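Annotated in Swiss-Prot:
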REGION    52-79  region 'Disordered'
COMPBIAS  69-78  compositional bias 'Gly residues'
ZN_FING   79-156  zinc finger
BINDING   CYS82, CYS87, CYS104, HIS107  Zn(2+) 1 binding site
BINDING   CYS123, CYS126, HIS130, CYS142  Zn(2+) 2 binding site
MOTIF     139-155  motif 'Bipartite nuclear localization signal'
REGION    240-262  region 'Disordered'
COMPBIAS  250-262  compositional bias 'Polar residues'
REGION    289-416  region 'Disordered'
COMPBIAS  301-311  compositional bias 'Polar residues'
COMPBIAS  327-358  compositional bias 'Polar residues'
COMPBIAS  368-379  compositional bias 'Low complexity'
Amino acid sequence: MGELPKDDWQMNRWKWDGQRFEAIELQGESLQLSNKKGLDLNLPCGFNDVEGTPVDLTRPSKKVRSGSPGSGGGGGGNYPKCQVDNCKEDLSIAKDYHRRHKVCEVHSKATKALVGKQMQRFCQQCSRFHLLSEFDEGKRSCRRRLDGHNRRRRKTQPDAITSQVVALENRDNTSNNTNMDVMALLTALVCAQGRNEATTNGSPGVPQREQLLQILNKIKALPLPMNLTSKLNNIGILARKNPEQPSPMNPQNSMNGASSPSTMDLLAALSASLGSSAPEAIAFLSQGGFGNKESNDRTKLTSSDHSATTSLEKKTLEFPSFGGGERTSSTNHSPSQYSDSRGQDTRSSLSLQLFTSSPEEESRPKVASSTKYYSSASSNPVEDRSPSSSPVMQELFPLHTSPETRRYNNYKDTSTSPRTSCLPLELFGASNRGATANPNYNVLRHQSGYASSGSDYSPPSLNSNAQERTGKISFKLFEKDPSQLPNTLRTEIFRWLSSFPSDMESFIRPGCVILSVYVAMSASAWEQLEENLLQRVRSLVQDSEFWSNSRFLVNAGRQLASHKHGRIRLSKSWRTLNLPELITVSPLAVVAGEETALIVRGRNLTNDGMRLRCAHMGNYASMEVTGREHRLTKVDELNVSSFQVQSASSVSLGRCFIELENGLRGDNFPLIIANATICKELNRLEEEFHPKDVIEEQIQNLDRPRSREEVLCFLNELGWLFQRKWTSDIHGEPDFSLPRFKFLLVCSVERDYCSLIRTVLDMMVERNLGKDGLLNKESLDMLADIQLLNRAIKRRNTKMAETLIHYSVNPSTRNFIFLPSIAGPGDITPLHLAASTSSSDDMIDALTNDPQEIGLSCWNTLVDATGQTPFSYAAMRDNHSYNTLVARKLADKRNGQISLNIENGIDQIGLSKRLSSELKRSCNTCASVALKYQRKVSGSRRLFPTPIIHSMLAVATVCVCVCVFMHAFPMVRQGSHFSWGGLDYGSI
């Protein structure tokens, strides 16, 4: 072990080249990326930006923790001080333990101390402060650590199996040579599964391959014990998915004197399941178990229906179906065919385990991987076996599953193949392999979205299934400083990733050396790295002297591996309950050099120990949180009132990462750096991260919306392209590929980003321009495939169409790419498409105003596959105004004049739109007012009081009666009859 450095290195003394992975020591200079660095954020929300503060969930062991002195708080030059409020104890001369954890000796032993305006106590095992409520009275360790300690004392250690084997051997000293052979075979199995480093005195030596073959020859004829046969039968019945199927093994056969299945059959299934390293042994097992006549006679179960069968081709072999469901071989198959199909089926749907699998076997495609997690019995990430991981226990007592497991279960329920419902058989507490026993499971994971990766570029949707997935790999190098990193570090990491990365960018920060590498790879490459991390770390150590002599941690997604003194340990399952999750950062794009306010939204952002940083130009800068908000929708908000990115390049394009971490665990979000116009366009994407009509239940759902993953993929790809704008391609990785340009161009057109599409086209032309000043054939074929101009016409985006039509590869040569006459499928051109689209007068005007006047001259002559011209398309769709517009332009061109279409002194089209919008607003206003008054009237129920209505009715009745009486001819005693017609007029 090397000597510990005297002082932890400081950020302002080093300049890190994130592209070359090289460190340059500065002389009297300081590299500042932000106006906020080295901040000690003692906020109530739990932020404390002290780089040396340990996080118990990320360190695999107390012995693997950093031995270097504590940093000065994120790169500052001050010596560390005690983090207790009002404690000014200088820790520069204190012990290394107190310097690392920022606590003086007095407060580390005190029963209570005021930290962050809260009374807390220093935990001796966590090496951090907790609230007093987390401690039992008088205890120096928190209850969580004490519970783990008690569980470790009661838990059986992994070496107990070897001890039991030795005890069994010592106890049965009178056993015959056959039992000794069995013990030797079990010892070989244990050693083959990664436990050969822990040999116990007195245990039998590991037999060689020839000895194993001899042992198999001896014990292949041994019958299985009756109790083991019944146990296999019972587990097979429990694992069967269809309960109506008959039992594969009749228990009455044993009572009738039928011979039990041969031990050879069990070993054959075992070898097929575990993947024997000896090809001769596999051939021997398959031939001896299924091709040999004597073995078949011993294996065949007694049946009255087949007692007369003597031919080997007619023999019916029956074996209990451990995967659920009885399976009987067909009598029409030859022995060799049956053996091949039987072995293939066994390897794909049978997982017969004696012990937990070796980590080396996890990379085999036909062997399932065992579950690794942080053991409650140890702080080291080791491979543990838990009773709850048994498939039978999971079948009876299902636990809370992750979204990926739920997707797999849904897929498994809809499958009709009996092989997908297999259940592994565990004889000695083997860990769960059910998740990977299904051969379609890996295919399902690659088709699911996170990786976040994939696209068929089918318009108009923004799909990202085939795109590169951007992820982060973190290394923590103990007892190192930047000067000790080799110059070949980038090459070693690139080769370690099997040359899969399309892009890589690195950042470093103190805490020994925390090296963060952002990598763009395919989803399948990420899956291989996470599933085979142990083998990958082993290959990294073997191929590099620097890594073999280093003590380090590596975090790749869901797994954490550690290397110390040549030993590699792996933890596959982390406790993800309190992991931070960044949903979005607002704004999504910023202008370099301009100060802006930043809002970070996500989940679990205010937990204890979280740190907010900005990664840019190879280094980290701490960010000061000025406000926080914890909503009822489980979405937290962190506010950064003053955020500024300083660009070291004159080019205003780039990308940085906003990181929220707790040790090596955390989440990140890309932040685009561009000019003001592009930033304004990209910031419109925030609506897709915060839909206004999303209800609380949807926000709380752990499955994030698909659109978020698609937009995130778009931002990551755009960030990689912008980063290459100011970095030279001298590192050996391939240039930005055409499929990646294809994805960005389609997304930009579908989102109506005119400024962004021009910038992306400039970068594509710059990389694919030939010596003759023209684009190469591959680029032209790609542009013809995605048909950007047709997409703009479908969206009726006239501004985007004008941008594309006037775009030239070289302005001096006027070499235009997007012509209005370029033919697509069926010889359909943009002119035909626009002519058949309604309300596209502006689009027709733009297409016929191209710089070369191709659209105007081809309107009446350009035909498609059916012989129709754009003029015919417009006439068939009753778009006669299009033909009138083109005819007027042609007449003006012939006469050398310019005509203006003025109707009633104003633009009729614009007027109709404005009037319709105003009328619509007026109608809406009137409707709302009418509804308001209607509600008021309906609330009072009567317009007038009841007495007034009665009086009016009485007066009206009297008036009607008088009028009727006067209009009739009543009989009067004196005088003539009165009639209305006899009345005259005159003065009164």
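Each residue's number is its place along the chain shown, starting with 1.
Glycine residues also receive a Cβ, built from the backbone N, Cα and C atoms like all the rest.
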Practice task
Please report the number of other Cβ atoms within 10 Å of the Cβ of CYS142 (Zn(2+) 2 binding site).
Solution key: 22
Practice task
Could you check which of the binding-site residues (CYS123, CYS126, HIS130) sits closest to HIS107 (Zn(2+) 1 binding site), going Cα to Cα?
Solution key: CYS123
Handout entry: Segment-level pLDDT (mean, integer) for the zinc finger (79-156)
Key = 83
Exercise for the section: With DSSP as the yardstick, break the zinc finger (79-156) down into helix, strand and coil residue counts. Expected result: 26 helix, 17 strand, 35 coil
Fill in the blank from the handout: If you measure between the CA atoms of CYS123 (Zn(2+) 2 binding site) and CYS87 (Zn(2+) 1 binding site) and round to the nearest Å, you get 18
Problem - Any further residue of that chain within 8 Å (Cβ to the Cβ centroid of CYS123, CYS126, HIS130, CYS142) of the recorded Zn(2+) 2 site - result: ARG121, PHE122, GLN125, ARG128, PHE129, GLU134, PHE135, SER141, ARG144, ARG145
Practice task
To the nearest whole angstrom, state the Cα distance for the pair CYS82 (Zn(2+) 1 binding site) and CYS126 (Zn(2+) 2 binding site).
Solution key: 17
Fill in the blank from the handout: Of the binding-site residues CYS126, HIS130, CYS142, the one whose Cα sits nearest to the Cα of CYS87 (Zn(2+) 1 binding site) is HIS130
Handout entry: C-alpha spacing of CYS104 (Zn(2+) 1 binding site) relative to CYS126 (Zn(2+) 2 binding site), in angstrom
Key = 16
Fill in the blank from the handout: Whole-number Å distance separating the Cα atoms of HIS130 (Zn(2+) 2 binding site) and CYS104 (Zn(2+) 1 binding site) is 16
Exercise for the section: Around the Cβ of HIS107 (Zn(2+) 1 binding site), how many other Cβ atoms lie within 10 Å? Please give the count over every shown protein chain. Expected result: 21
Handout entry: Integer Cα-Cα distance in angstrom, CYS104 (Zn(2+) 1 binding site) to CYS142 (Zn(2+) 2 binding site)
Key = 19
Exercise for the section: Would you pick out, from the binding-site residues CYS87, CYS104, CYS123, CYS126, the residue whose Cβ has the largest number of other Cβ atoms within 10 Å? Expected result: CYS104
Exercise for the section: Enter the number of other CB atoms within 10 angstroms of the CB of CYS82 (Zn(2+) 1 binding site). Expected result: 23
